[in-house]
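Notes for the one structure printed next.
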């Protein structure tokens, strides 16, 4: 009788845990999908901001006329918007390192409260400023908006820890939702919602962010691997000290987790502590090549997004193509999980073979990322080639390749870092790679200036150069594969 009662409690308790896990995934997905990636919608956002007459005083009529029409020179206005985009995209990545440190050091609740403060301050600033007197506040508001959004993303990525063998799929799904959130702004604008009303809507929803922070998420981190009977949120029945104890206990299991030391040799006990330090991983060859892989392809995407609006010659074309671009961004949430799913399936397949042959689980986990890294480079190369062809109708295909490539890039980046580095350093490693890639992204403003000046708005030669640089990204999966081959010979990659 007692055993039957225990079974009933376990059965219903397990059902409650599954419901909370599913609820956590859904709410996290909605948060990423609805709010955190507005910068990705820059091509549409800048079109709307222009209609609100921001920096309109910089527009000057040309000295020549065509019939009765005076042509207006928007070069100075476009340069202002390019500078805002460069600053915001730089801060989006560079500030990921300090925010990742905050997440690792002060845990989930503190990080989310900072994100809510930055995000809400930015949306209120844009909502209550006028183009006549406060245009320059966009230089403050847009970086705050992007930093708040990326901190939301970091705190949501840990939800993947709840899903065990589907961890990479969930992480890439959330990264895809980050990209797709740009479509929310377009949908509001297409329904006739003004710029001010849209950002007031985003501000009011901060109440929901606060509620989810305190009621539906743990105060600390979600550990990986999960300890038995792990609970979190309002219904966990545990205080923060108990929750922290559970997390500490789970750390004892991390010796079995799936990260690989960057060093090829197996460390002796005297070296173990040093090798597991954060800076030991930050200065590893694996980290350096991954940084190059991410930075080169990210620069391509930023240049394409930042120059798209200015390359369209008429308002009608601007409206048609920016709307098409924003709509394709929405499908990022459908594209990104395929990358994580491929990683998870390969990892499970190699683990089955490793259990029979005695190969290390760490090498298998790293080996499973190689096809995804190579596929991402291939997609970016296809996107780069299409973007380099100066045929406007072809850009519809470019938009499709861009959203697939971007989804694979950021989802694959997060998935690779979770498998290649230890979980206790994830926030800092993720932040550092994004921060250093942001320094590389500063080149975009020089490239924007070069295109608008000496190249007279023709980016063809810049595109050709960047296509050649993209070819270097194929080195990263080849080097990771070579490293796998040196790790006890994991199963060959098809």
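Along the chain as shown, residues are numbered 1 onward.
Glycine too: its Cβ is placed from the backbone N, Cα and C atoms.
Summarising the annotation, TrEMBL assigns transmembrane segment to 26-49 (among others). If one looks beyond the transmembrane segment (26-49) by at least 6 residues along the same chain, the residues whose Cβ comes under 8 Å of a Cβ in the stretch are 81, 85, 88-89, 92, 119, 138, 142, 145-146, 148-150, 152-153, 156, 159, 173-175, 177-186, 189, 195, 202, 205, 209, 212, 216, 305-306, 308-309, 318-319, 322-323, 325-326, 329, 333.
What TrEMBL lists as transmembrane segment is 81-103 (among others). For the transmembrane segment (81-103), the list of distant contacts is 39, 42, 46, 49-50, 55, 110-111, 114-115, 138-139, 142-143, 145-147, 149-151, 154-155, 298, 302, 305-306, 309-310, 426-432, 434-435, 437-439, 441-442, 444-445, 448: same-chain residues at least six beyond its ends, Cβ to Cβ under 8 Å.
The transmembrane segment feature in TrEMBL is assigned to 110-128 (among others).
Taken from TrEMBL, the feature transmembrane segment covers 134-157 (among others). Within its own chain, the transmembrane segment (134-157) has Cβ neighbours under 8 Å at 28, 31-32, 35-39, 49, 54-55, 83-85, 87-89, 91-93, 95-96, 99-100, 102-103, 108, 111-112, 114-123, 125-126, 171, 174-175, 178, 209, 217, 414, 426-427, 430-431, 434, counting only residues six or more beyond its boundaries.
Summarising the annotation, TrEMBL assigns transmembrane segment to 287-308 (among others). With a cut-off of 8 Å between Cβ atoms, the residues of this chain six or more beyond the transmembrane segment (287-308) that come close are 40, 42-43, 82, 85-86, 89, 93, 262, 281, 321-322, 325, 373, 376-377, 380, 383-384, 387, 398, 402, 405-406, 409, 413, 416-417, 420-421, 429, 433-434, 436-437, 440-441, 443-444, 447-448, 451, 459, 462, 466, 469-470, 472-473, 475-476, 479-480.
Taken from TrEMBL, the feature transmembrane segment covers 320-342 (among others).
Beyond the transmembrane segment (363-390), the same-chain residues lying 6 or more positions past its ends with a Cβ under 8 Å from any Cβ of the stretch are 258-260, 293, 297, 300, 304, 339, 342-344, 346-347, 350-351, 353-354, 397-398, 401-402, 404-405, 408-409, 412, 415-416, 419-420, 458, 460, 463-464, 466-467, 470-471, 473-474, 476-477, 480-481, 483-484, 487-488, 490-491, 493. Residues or ranges marked as transmembrane segment in TrEMBL: 363-390 (among others).
Residues or ranges marked as transmembrane segment in TrEMBL: 396-417 (among others).
Per TrEMBL, transmembrane segment is recorded for 429-448 (among others). Listed by sequence, the residues of this chain that lie at least six past the ends of the transmembrane segment (429-448) yet keep a Cβ under 8 A from its Cβ atoms are 79, 82-83, 86, 89-101, 150, 154, 157, 278, 281-282, 287, 290-291, 294-296, 298-299, 302-303, 306-307, 413-414, 417, 421, 462.
Sequence annotations record features per position, and here TrEMBL assigns transmembrane segment to 460-481 (among others).
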Tertiary contacts of the transmembrane segment (396-417), as residues 6+ beyond its ends and Cβ separation under 8 Å: 157, 168, 171-173, 175-176, 178-179, 290, 294, 297-298, 301, 304, 324-325, 328-329, 331-333, 335-340, 343, 369, 372-373, 375-376, 379-380, 382-383, 386-387, 426, 429-430, 433
